[in-house]
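A.B. asks: This is the structure I have questions about; it appears just below.
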Amino acid sequence: MRRVRLLPLHVLVLTSLLPLGREALPVVINTWPFRNASAAAWSVLQSGGSVLDAVEEGCARCEIEQCDGSVGYGGSPDETGETTLDAMIMNGDTMEVGAVADLRRIKNAIGVARAVMERTDHTLLVGESASVFAENMGFIAEDLTTNKSVNIFSQWLKGNCQPNYHKNVFPDPSKSCGPYKPRVTLEQRRRQDNMLSHDTIGMIAIDQDGHVAAGTSTNGLTHKIPGRVGDSPIVGAGAYADSSAGAAAATGDGDVMMRFLPSYLAVELMRAGADPSAACKAAISRIKRHHSEFFGAIICANTTGHYAAACNKAPGLSQFRYMVSNSESNTPLLKTVDCF
Ligand SMILES: *[C@@H]1O[C@H](CO)[C@@H](O)[C@H](O)[C@H]1NC(C)=O
Ligand SMILES: *[C@@H]1O[C@H](CO)[C@@H](O)[C@H](O)[C@H]1NC(C)=O
Ligand SMILES: *[C@@H]1O[C@H](CO)[C@@H](O)[C@H](O)[C@H]1NC(C)=O
């Protein structure tokens, strides 16, 4: 997957001329250069929609466009070749959250997440049951497989199922496709696939009145063990929003990142007075202490619409790009931050 892409020169010049810290409300910020998602969310706010509508529309745009192959149908097939989706949406006014994980056969994962929030007392529905719920709510069941995902899957099978996320099992997962059984002797094996398929859309929207919402959508990690759920649908990990403090959304190696609740941490730091940049950096630093080379980034915004991002310098990630839409311009702006 193309991760390090070159930045068009004119965009570089434009972004470098923009003064930092002068941004006004409303604002939409999202991970990665998913421009159409940003534009979609922005136009919802401009036409009077709520921040929840904006986040839902923005993330849904990525689900339709299959952003980077890592959001929506037809990407990141698991060990059985199936694409499953994770998504979450959070209302920073009420602290309500709706999320789905391991969602099968339904393309509009963020829409189902919102239905969980608005049409149940629950927070997170998973797997087959989440799909049944979605169908009952009127979402259409469709095959999420595409020729592309079939191809990714068959290449993986041909390559002895590498990368492979089993450990402490036999036969040796660095050479074989399983099935695997537990092993008595512990055998540590470093994960090989640091760089692939961790893109996720995470989005924050704040309107003129300071209503804050955040959301995420992803198809997870390619070749994951079926049932694996990453950070995206986990509150405080993939995203967090609190209209009294701000919002954050994270992207990267979810298996590691979710153990540190980076989005929650960043929002709490902003509540305690940290500016968005310091909050983002602190959330990354916390993970870095234990995983110096983890692949990941986070975006942060406080209640006045000031925003920042931070990323961990790792093989394949020296800069992180994200999108911002606000009243500065009519078009989403591509922002770049150097990783540390
Ligand atoms: C973004 O939207 C434009 C206009 O609808 C479309 O032509 C383009 O293909 C979209 N970009 C992506 C990456 O899907
Ligand atoms: C997918 O592959 C099948 C053959 O395996 C082919 O008939 C079909 O046209 C392909 N679809 C697309 C969209 O490329
Ligand atoms: C948000 O952060 C900016 C610095 O980037 C700071 O000037 C502003 O006061 C902060 N807003 C709040 C509500 O803390």
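Each Cβ is built from the backbone N, Cα and C atoms, and glycine gets one as well.
TrEMBL: automatically predicted annotations, no manual curation.
Sequence annotations record features per position, and here TrEMBL assigns signal peptide to 1-24. Annotated active site, nucleophile per TrEMBL: Thr200, in sequence order. Per TrEMBL, substrate binding site is recorded for Arg228, Val229, Gly230, Asp231, Thr251, Gly252, Asp253, Gly254.
Describe each of these features in terms of where it is and what it packs against.
C.D. replies: With a cut-off of 8 Å between CB atoms and residues at least 6 apart in sequence, the same chain places Thr31, Ser70, Val71, Thr216, Ser217, Thr218, Gly230, Ser232, Gly238, Thr251, Gly252, Gly254 near Thr200 (active site, nucleophile), listed in sequence order.
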A.B. asks: For the substrate binding residues given in the record (Arg228, Val229, Gly230, Asp231, Thr251, Gly252, Asp253, Gly254), what is the largest pairwise C-alpha separation in angstrom?
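C.D. replies: Among the residues the record ties to substrate, max Cα distance equals 16 Å.
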A.B. asks: How many other Cβ atoms sit within 10 Å of the Cβ of Asp231 (substrate binding site)?
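C.D. replies: Step by step: centre on the Cβ of Asp231 (substrate binding site), count other Cβ atoms within 10 Å, giving 32.
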A.B. asks: Sort Arg228 (substrate binding site) into helix, strand or coil using the DSSP assignment.
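C.D. replies: DSSP call for Arg228 (substrate binding site): coil, neither helix nor strand.
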A.B. asks: Might you list, by sequence position, any residue in that chain lying six or more from Val229 (substrate binding site) with a Cβ less than 8 Å away from its Cβ?
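C.D. replies: Once residues fewer than 6 apart are set aside, Val229 (substrate binding site) is near Asp86, Ala101, Asp102, Val126, Gly220.
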